[in-house]
Amino acid sequence: MPKICCSRSATQVVVAQKSNSGKGRNGEGGIKYGFSLIKGKSNHSMEDYHVAKFTNFNGNELGLFAIFDGHKGDHVAAYLQKHLFSNILKDGEFLVDPRRAIAKAYENTDQKILADNRTDLESGGSTAVTAILINGKALWIANVGDSRAIVSSRGKAKQMSVDHDPDDDTERSMIESKGGFVTNRPGDVPRVNGLLAVSRVFGDKNLKAYLNSEPEIKDVTIDSHTDFLILASDGISKVMSNQEAVDVAKKLKDPKEAARQVVAEALKRNSKDDISCIVVRFR
């Protein structure tokens, strides 16, 4: 997405919010999406990027949705916005074996980032949460890092992504087996080598020896009980539970307004990070 501009004074930060919406080919009764993004209260530029669109792929309608939460710059997140879905769909077996195609594309995309000699890709990194909806029926969700995917079914929240926390036993063991370590300093979150607060990312060349970009992948069959999908950056999940986000979104049939209200609630709860939310409503 384009960078979101902001004006600053000595006493106040004024940020611009970006929102939009769209729908699948089924029109009024079909699947609709909306998104809302707003820059956080930090001094750096907006580092969250997103994808939200429907496209035709070999006669199938695909909904492509993603949030990429960058750190140490927005370059890796911007690269993912441009390349990750295209790399997934380049695989000739995508419709036959989506899980394998997604996992392979995540790995290959990260390798291309790490091999790139551009200086703007040297130091930064990004989380990713992606969702691919095939013909309105099959939903494939993948993630690395701590951006979340939440499905509401009959008003109940179910997290469909995994937060890759360095202090998780499995993640810590992986890091330590590669020669890294996890710090637990008072007043701070666990960090890889004292630096990074997630254990799986794209990029981060200086820490890659201790990390990986292997995604968690889950599939969901959309049925009459499936209400909507929320994709959210950690600017939301740090201050709201999954059920709280669902409770806000389910009050609004318009997915753009639902996304805006989730963002507004995160701001109300004093979230300081960049905040991004996509809502895909199935019924």
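Even glycines carry a Cβ here, placed using N, Cα and C.
Record features (Swiss-Prot):
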type    : residues              : note
DOMAIN  : 32-282                : domain 'PPM-type phosphatase'
BINDING : ASP69, GLY70          : Mn(2+) 1 binding site
BINDING : ASP69, ASP234, ASP273 : Mn(2+) 2 binding site
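Of the binding-site residues ASP69, ASP234, ASP273, ASP69 has the largest number of other Cβ atoms within 10 Å of its own Cβ. With a cut-off of 8 Å between CB atoms and residues at least 6 apart in sequence, the same chain places GLU47, ASP48, TYR49, VAL76, ALA77, ALA78, GLY124, GLY125, SER126 near GLY70 (Mn(2+) 1 binding site), listed in sequence order. Cα of ASP273 (Mn(2+) 2 binding site) to Cα of ASP69 (Mn(2+) 1 binding site): a span of 10 Å. Annotated pair ASP69 (Mn(2+) 1 binding site) and ASP234 (Mn(2+) 2 binding site), C-alpha to C-alpha distance, rounded: 8 Å. Confidence annotation: the domain 'PPM-type phosphatase' (32-282) carries a mean pLDDT of 95 in the model.
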